[in-house]
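Features reported for this protein in TrEMBL:
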DOMAIN    45-294  domain 'G-protein coupled receptors family 1 profile'
TRANSMEM  30-54  transmembrane segment
TRANSMEM  61-79  transmembrane segment
TRANSMEM  95-117  transmembrane segment
TRANSMEM  148-167  transmembrane segment
TRANSMEM  209-230  transmembrane segment
TRANSMEM  242-265  transmembrane segment
TRANSMEM  277-296  transmembrane segment
Amino acid sequence: MNISEPDSSFVFVREFILLGFSCEWKIQSLLFSLFLTIYALTLTGNGAIICALWCDQRLHIPMYIFLGNFSFLEIWYVSSTVPKMLVNFLSHKKTISFVGCFLQFYFFSSLGATECLHLTMMAFDRYLAICHSLHYPNIMTGHLCTKLVLICWVCGFLWFLIPIVLISQMPFCGPNIIDHVVCDPGPLFALACVSAPKTQLLCYSLSSVVIFGNFLFILGSYTLVLTAVLRMPSATGRQKAFSTCGSHLAVVSLFYGSLMVMYVNPGLRHSAGMQKVATLFYAMVTPLFNPLIYSLRNKEIKTALRRVLGSFNIM
């Protein structure tokens, strides 16, 4: 599990143990079944939305392009951690290689940053559609929509690249037990042989900027949207606007609510159990509920889903 480097007084770690949930085998099996079901439902729900939006030409507009890309992002986001969790439930060793740990750390963090940016772009799209409705078709063109989506992906995957490379270069000399369900910066910093306050500050500063910066932008956008909606003379128009934005606000509340629990309340940093639960919430629960929220609250998506399912003689 560990190897000794020549001409070194340290024993360097080659792999980590992702402790996950330490409980009896029966409970491990029960959690495996639960997580597998959630994972399958998440893939099915988000995949169904992607197929419905892809097949219905009338939904090839910016709002639904953002939504389809968001569902695609959710599939990769949940797949960056859950398969390894499922394997560990059935394994006695629960090991993950050094490279595998940092790859998981990179993809989970990058996809999370991409999701934050994408939710912000969706809020910006709703702001333009409601506050600048007359100019919206000329501003939010398909070309601009594609550029914004690409910016989210590129920036998301570059955001944590430097700190993750710096953390991977730190010496880890044991113990190699990560008391978490995923490879996370907190436990990794705790396992390092030497302290790296600058790297730690960089990592948490970037996390704070991407979380709170995007959250404040979304909050500001919807404050302006709410003001504009309340000024609408038509009750039908207000209801339609609230219905359009309600799904996105529900998703933002779920995702950022669990992130705030992790990053705002410092007391939870000392509770490994609460860290695991909070991580599972934004890593598994929100990707599960997102397709349900969008499909149940949006008539166009429900209609498109019925067409797709009807073509397979399911409905």
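Glycine too: its Cβ is placed from the backbone N, Cα and C atoms.
Within the chain carrying the transmembrane segment (30-54), a Cβ under 8 angstroms from the stretch's Cβ atoms is held by residues 21, 23, 60, 64-65, 67-68, 71-72, 74-75, 78-79, 82-83, 85-86, 89-90, 284-285, 287-288, 290-292, 294-295, 301, 304-305, 307-309, all 6 or more beyond its ends. Residues 35, 38-39, 41-42, 45-46, 48-49, 67, 70-71, 74-75, 77-78, 81-82, 108, 112, 180-182, 184, 247, 250-251, 254-255, 258-259, 261-262, 268, 302, 305 of the same chain sit 6 or more residues outside the transmembrane segment (277-296) yet have a Cβ under 8 Å from a Cβ within it. For the transmembrane segment (209-230), the list of distant contacts is 113, 116-117, 119-120, 123-124, 126-127, 130-131, 159, 238, 241-242, 245, 249, 252, 256, 259-260, 263: same-chain residues at least six beyond its ends, Cβ to Cβ under 8 Å. Mean model confidence of the domain 'G-protein coupled receptors family 1 profile' (45-294) amounts to 85 (pLDDT, 0 to 100 scale). Nonlocal intrachain contacts for the transmembrane segment (95-117), taken as residues 6+ away from its ends with a CB within less than 8 angstroms of a stretch CB, comprise 1, 13-18, 70, 73-74, 76-77, 80-81, 84, 151-153, 155-157, 159-161, 164, 167-168, 172, 178, 182-185, 188, 210-211, 214-215, 255, 282-283. Long-range contacts of the transmembrane segment (61-79) within the same chain, counting only residues at least 6 positions beyond its ends with a Cβ under 8 Å from a Cβ of the stretch, are 39, 42-43, 46-47, 49-50, 53-54, 107-108, 111-112, 114-115, 118-119, 121-122, 125-126, 129, 140-142, 144-146, 149, 244, 283-284, 287, 290-291, 294, 300-301.
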